[in-house]
Ligand SMILES: Nc1nc2c(ncn2[C@@H]2O[C@H](COP(=O)(O)OP(=O)(O)OP(=O)(O)O)[C@@H](O)[C@H]2O)c(=O)[nH]1
Ligand SMILES: [Mg+2]
């Protein structure tokens, strides 16, 4: 998933005004009639759900709107440059790069959210504007203004209601597949999921978006494993489903490993509502250590199995109660 990009955006230049005088038969002292330049086109970004990555901004990095045309004789204004409207995925944050500083300009949270990004230059004035009682034949005109040019970083953060997190191979993608119509790759080895997968879950006429986040390991917030680039996607979720594989010798350590990474990345992440689930709990009479039993009781964990569907309905209820 390409979820970050650097681009340059340039609005159109305003067309120049011109100096020109009437020269017609039977009009011996024709006055000025130089027209104004057209305005340069502006650039707008609009949020759309049709895109879910920033790959377009890797293919094309420079965006330019049309320039305004030069003014014409007979006081005719040059044509305005066309505006350019660029679609960006919902969830894109736009940062302006100013002297190595990144300033957040806009967060495209809603579909069809439209934002002016750079303003086109105003067209120049033709010499008609400079006519006065003392100057009947002005030769002055003004040039069009340059269009704004800015550098931006686009950063896409998924907008999901629920994030499914856990160590690699804990069953996150399988759970997404169980809860939604998504069909992510599932395999019995770590780091099967390399990009977040999304799915939607309908409960009582409400639709929730779930994101299956690639597996996190100790040090993820500092770049280990697949690193911290997916942690940003958790920032916008309302609820986390934290999967802890029952096959871990020590559930507490497995759980804490993930919590520490969330804390190191952004302390707000550990304040999120969380459903702690013990995954792969296929059989009711599983023999588990005393330590694990204590962890389950202390944290009021939900024991689930995507294979036998144990407590999947219960999990859906919990999700609904926490969000709605
Ligand atoms: N027995 C059992 N196996 C499961 C269950 N859920 C998942 N698995 C298996 O666990 C393995 C890993 O499942 P995934 O869903 O790919 O795990 P993941 O957490 O998405 O893994 P990464 O994407 O690598 O982080 C697969 O072999 C699954 O078939 C379950 O409820 N019971
Ligand atoms: Mg996976």
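Glycine is no exception: its Cβ is also placed from the backbone N, Cα and C atoms.
Per TrEMBL, the features are as follows:
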- 1-159: domain 'Obg' (DOMAIN)
- 160-324: domain 'OBG-type G' (DOMAIN)
- 166-173, 191-195, 212-215, 279-282, 305-307: GTP binding site (BINDING)
- 173, 193: Mg(2+) binding site (BINDING)
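Features as recorded by TrEMBL, highlighted on the structure.
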residue : record           : DSSP (3 states)
166     : GTP binding site : strand
172     : GTP binding site : helix
192     : GTP binding site : coil
214     : GTP binding site : coil
280     : GTP binding site : coil
305     : GTP binding site : coil
Around the Cβ of residue 195 (GTP binding site), the count of other Cβ atoms that are within 10 Å: 16
Those binding-site residues in 169, 172, 173, 195, 305 whose CB falls under 6 A of ligand 1, listed in sequence order: 169, 172, 173, 305
Binding-site residues (172, 280), the one with most neighbouring Cβ atoms at 10 Å: 172
Rounded to the nearest Å - Cα separation of residue 280 (GTP binding site) and residue 173 (Mg(2+) binding site): 12
List of residues, in chain order, with Cβ under 8 A from that of residue 214 (GTP binding site) and at least 6 apart: 168, 191, 193, 194, 195, 196, 226, 230
Residue 305 (GTP binding site) and residue 173 (Mg(2+) binding site), Cα-Cα, nearest whole angstrom: 13
In sequence order, those binding-site residues of 166, 169, 193, 214, 305 whose CB lies under 6 Å from ligand 2: 193
Residue among binding-site residues 173, 192, 193 with least C-beta crowding, 10 angstrom cut-off: 192
